[in-house]
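Trainee: Here Swiss-Prot flags 256 as phosphoserine. The transmembrane segment annotation in Swiss-Prot covers 58-78, 94-114, 128-148, 156-176, 183-203, 211-231, 292-312, 329-349, 364-384, 394-414, 430-450, 456-476, and the record cites sequence analysis as its basis.
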């Protein structure tokens, strides 16, 4: 234990001091063991402050990874746009459609249970391919469904793929991106989900639901093809002891003219330190040294879902209809605004920081939920009926857009940043399961609560959003501008 503490403190001092050091060319030659060569023969020394350039390979790899997020968004947006058509064609009751809508999150829960282990065994790339098998099969089942059973089976399979995606995509991006753009690149996960949701919100108003499933298949096939052209995560390769492949992958990501030896050595040192005791089992996760990051990860996912985000997104059409606002117009307006707002958040996440965006997002979600509570409360008592459609539109729009700007993507960024490699499987699985478990509870009960007491439901969501602000302010650290190794060293140091 003393040896491990010493190594952690040493790594912390090394990580923090590197920020202030600038290695001149002479020192770069000495540290890398290179002899003097002509400028054309020498690779550029990479300062280990993470400020390396963002190469085309990093852009391409991130884009391909978040194409899976786009597939996720298509699956999430499908239930809102297809609700009227499916209910009419297959004569589904409210309970049957609630099961169909929510079973995606149940599948996500099943996928989340195995997500960490699958990603650890197969690797990040092959895990994404594995996900697409479930997604493609699921879309085909929904497209050919003649009754509720086939609908539910297809939606469940799609959910399993989406559940594994939700873990492996942010982890993969966090492991390949330089630290000064890591937040923005991981947030692209949420951006592309919003693009998928927006697309289905818009076209779901105009095309039959079976044709909509075919549209959902197209990005899945595209994603499978593109995955063959990106490198594997260097940190996963290093964890398996495949150092040569790790350096090759890192070289491809950082550029062929960059000396990656210092970054590769830092990755190796950190993995050696964190895995000194071997792979951590789920039963061993609940130790004092892991308590702080575990509370952060699980807490954020718990609060994310109890703010009502999944229910509002899945059943936006029902909310508009209940408030007397045209659902086709409402969902189209949401779709138009969601993507630009998420793009803005993608830019701001590495400028404003995680904490600021999270608290701003929760504040806006809380106010939007409060407005919806007032709107449906007025409606139930017959007060100012002419304002109900306006309040409903503003409330639903504000809730979904503010979620997209922060609380939607940032918990996944933080999850990918705070856990060391030796607990990333068990901790990441637990955090992802928490998200999907409470997501399923919210989406399944949402329609029933909406019919029972819509005003009271949104009042609860508003109070949870307020509680989230307190949680973030006191417990969630700022991880902007730090490498994964620095974050892990600082979190370890904070509990000693």
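Cβ atoms are placed via backbone N, Cα and C, with glycine included.
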Trainee: Any chance you could find the range in 58-78, 128-148, 329-349 with the most Cβ pairs under 8 Å to the transmembrane segment (211-231)?
Mentor: 58-78
Trainee: Would the transmembrane segment (156-176) count as touching the transmembrane segment (183-203), i.e. at least 3 C-beta pairs under 8 angstroms with sequence separation of 6+?
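Mentor: Touching, yes - the transmembrane segment (183-203) and the transmembrane segment (156-176) meet the threshold of 3 or more Cβ pairs under 8 Å.
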Trainee: Ranking 94-114, 128-148, 329-349, 364-384, 394-414 by the number of C-beta pairs under 8 Å to the transmembrane segment (292-312), which range is first?
Mentor: 394-414
Trainee: For the transmembrane segment (329-349), which partner among 58-78, 94-114, 128-148, 364-384, 394-414 gives the most CB pairs under 8 Å?
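Mentor: Most Cβ pairs under 8 Å with the transmembrane segment (329-349) come from 394-414.
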Trainee: Counting only residues 6 or more past its boundaries, what in the same chain has a CB within less than 8 Å of a CB in the transmembrane segment (94-114)?
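Mentor: For the transmembrane segment (94-114), the nonlocal Cβ contacts are 75-76, 79, 83, 86-87, 131, 134, 138, 148, 151-152, 155-167, 310, 314-315, 429, 432-433, 435-437, 439-440, 442-444, 446-448, 451.
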Trainee: Check the DSSP secondary structure of residue 256 (phosphoserine), expressed as helix, strand or coil.
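Mentor: The residue in question, residue 256 (phosphoserine), is coil (DSSP, three-state).
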Trainee: Quick one: give me the count of other CB atoms within 10 A of the CB of residue 256 (phosphoserine).
Mentor: 10
Trainee: What residues in the same chain, six or more past the boundaries of the transmembrane segment (128-148), come closer than 8 Å to it by Cβ-Cβ distance?
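Mentor: Sequence-remote neighbours of the transmembrane segment (128-148) are 65, 68, 71, 75, 78, 90, 92, 96, 99-100, 107, 111, 118, 122, 154-162, 164-165, 168-169, 172, 210, 213-214, 216-217, 220-221, 223-224, 227.
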